[in-house]
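Features reported for this protein in TrEMBL:
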- 6-27: transmembrane segment (TRANSMEM)
- 47-67: transmembrane segment (TRANSMEM)
- 73-95: transmembrane segment (TRANSMEM)
- 107-128: transmembrane segment (TRANSMEM)
- 148-168: transmembrane segment (TRANSMEM)
- 237-258: transmembrane segment (TRANSMEM)
- 278-296: transmembrane segment (TRANSMEM)
- 308-328: transmembrane segment (TRANSMEM)
- 348-366: transmembrane segment (TRANSMEM)
- 378-398: transmembrane segment (TRANSMEM)
Amino acid sequence: MELLRLFITSVIPVIKVLLVLAVGSFLATESVDLLGPNARHHLNNQLVFYVFLPALIGCSIANTITVKSVETLWFMPVNIFISCAIGSLLGYILVKITKTPPHLKGLVIACSSAANLGNMLMIILPALCEETNSPFGDSSTCSAYGEAYASLSLAAQAIYVWSILYSIMRTSANSIVKETAEILSETSAEPLLVSHSSSEDNIYQVDLPDEGNQRMSTFGKMKQCFMTTIRSKSLKMIFTPATIAAIVGFIVGIVSPFRKALVDDSAPFHVIYSSIDLIGEAGIPSMTLVVGANLLKGLKGSAVKTSLLLGILIIRNILLPVSGIAVVKAAMHFGLVGSYSLYQFTLLLQYAIPPAMNIGTILQMIGTGEAEFSVVMLWNYVVAAFSLTLWTAFYMWLVT
């Protein structure tokens, strides 16, 4: 493949994302006002979170995951979680070096670890396969495998984002609430006394022993602990609609009767699956538009330090892609990865993709860091227009 054609093929997906971001910003301007604060809130916190994203993830997993694909593609989710772990570690180091404010720690770790494996791979892999001089073989076979790799990557990334990363970002955002509560309690003595007395009552109610508690059987204690865990807020944070959709999609894909009834083209209830899939296709454009709309807030003024922004850019565009080469080469050395060049290329490319749009969805929900994320997102995609193209060319040379 010619170098110029490779450059154009690689840069088009990034330009598409930048154009959609620009449309989102335009729709949020005061003169148009189609994506104002209220519209963004309803679109992001309700439609995207509860409808579009679960439909997209569930259908992607159900379509991709089979017993055979689990045997051949098992390392891909592992590779994604390794990349997230490396990015989280580098993000944590950056937080310590730059002394990031507590409410932005989750944002930094998220932007350093979670990549936009949804629409970027969905655009890049088919575009490379359709090139006449593509090194990945027959275009139809290559495109089919590319779509499967992209769908599995999207699903695995979503599980990480909506379980582990969601909890980290919620905890980081709650630091603002705690600090505000402490300030208010220090400036108001009377509410403090009321709160103190009520907390003492609660302590006595919990700690005072009675015969019922002493006679409680081991089974009773286990049941009480289980019910407490089920009702806990932490468990609800992990089992978000997207996570539940991923579990359902995995079951439908693995269990043959479900797959034959819903997913296959000749399935009797395929119309149900295709309808849900159609709804899910609105997820990525909606998230991208919301991030673009939030970009206006970031451009008006943001507290992102230059050192912090540079650190995230270095992690995403240099450190992670280099570490990806080491991880994938080690996996190939130990026989964990097959010899198909497109599969190896996809594993490498997962380390070079810009930050995920899902991060903006979470920030919109918890109500903090939206302006900062918009600025980080803008610069990451501007830089990615060059860095992702170069890494794509280098990775293709490496595997072919």
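Cβ atoms here come from the backbone N, Cα and C positions, even for glycine.
Sequence-distant contacts of the transmembrane segment (148-168) (same chain, at least 6 residues past either end, Cβ-Cβ under 8 Å): 53, 56-57, 60-61, 63-65, 69, 73, 76-77, 80-81, 84, 106, 109-110, 113-115, 117-118, 121-122, 125, 234, 237-238, 240, 242-243, 246, 249, 342-343, 346, 350, 356, 358-359, 362.
Taking residue pairs at least 6 apart in sequence, the transmembrane segment (107-128) and the transmembrane segment (348-366) share three or more C-beta contacts under 8 angstroms. For the transmembrane segment (378-398), the list of distant contacts is 1, 3, 6-7, 10-11, 13-15, 17-18, 21, 111, 124, 128, 135, 295, 298, 309, 312-313, 316-318, 321, 325, 345, 348-349, 352-355: same-chain residues at least six beyond its ends, Cβ to Cβ under 8 Å. Beyond the transmembrane segment (278-296), the same-chain residues lying 6 or more positions past its ends with a Cβ under 8 Å from any Cβ of the stretch are 17, 20-25, 27-29, 35, 40, 43-44, 47-48, 51-60, 118-119, 122, 357-358, 360-361, 364, 370-371, 373-375, 377-378. Highest Cβ pair count under 8 Å relative to the transmembrane segment (47-67), across stretches 73-95, 107-128, 237-258: 237-258.
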